[in-house]
Amino acid sequence: MSLLTEVETPTKNGWECKCSDSSDPLIIAASIIGILHLILWILDRLFFKCIYRRLKYGLKRGPSTEGVPESMREEYRQEQQSVVDVDDGHFVNIELE
């Protein structure tokens, strides 16, 4: 069995595509896997920052701040935000003089 499914052959009218065994279960499975792979790749590229940040930091929002004064909570939030802001930059700007 050949994995080649389409053969272009010259005819009097031009080039024709003859598909053989297009109902083969292996070809159908490969097509479905290929389409799913393409969809997952597109979603990954669209949402990579959100997905990988979630994997890196987990689903937790951080340690509990119960019983901690509001000023310390705000300081902690600012520290966490600065860490996330640093993580957002994938590119480094280099200025040449």
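Each residue, glycine too, has its Cβ placed from N, Cα and C.
For Cys50, the entry in Swiss-Prot reads S-palmitoyl cysteine, with the evidence type sequence analysis. In this structure, Cys50 (S-palmitoyl cysteine) is part of a helix by DSSP.
Per Swiss-Prot, the feature phosphoserine maps to Ser64 (among others); the stated evidence is sequence analysis.
What Swiss-Prot lists as phosphoserine is Ser82 (among others), and the listing cites sequence analysis. Counting only same-chain residues at least 6 apart in sequence, none has a Cβ under 8 Å from the Cβ of Ser82 (phosphoserine).
Swiss-Prot lists 1-22 with the feature topological domain 'Virion surface', giving sequence analysis as the kind of evidence.
Sequence annotations record features per position, and here Swiss-Prot assigns topological domain 'Intravirion' to 44-97 based on sequence analysis.
Marked as transmembrane segment by Swiss-Prot on the basis of sequence analysis: 23-43.
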Cβ packing number for Cys50 (S-palmitoyl cysteine), 10 Å threshold: 9
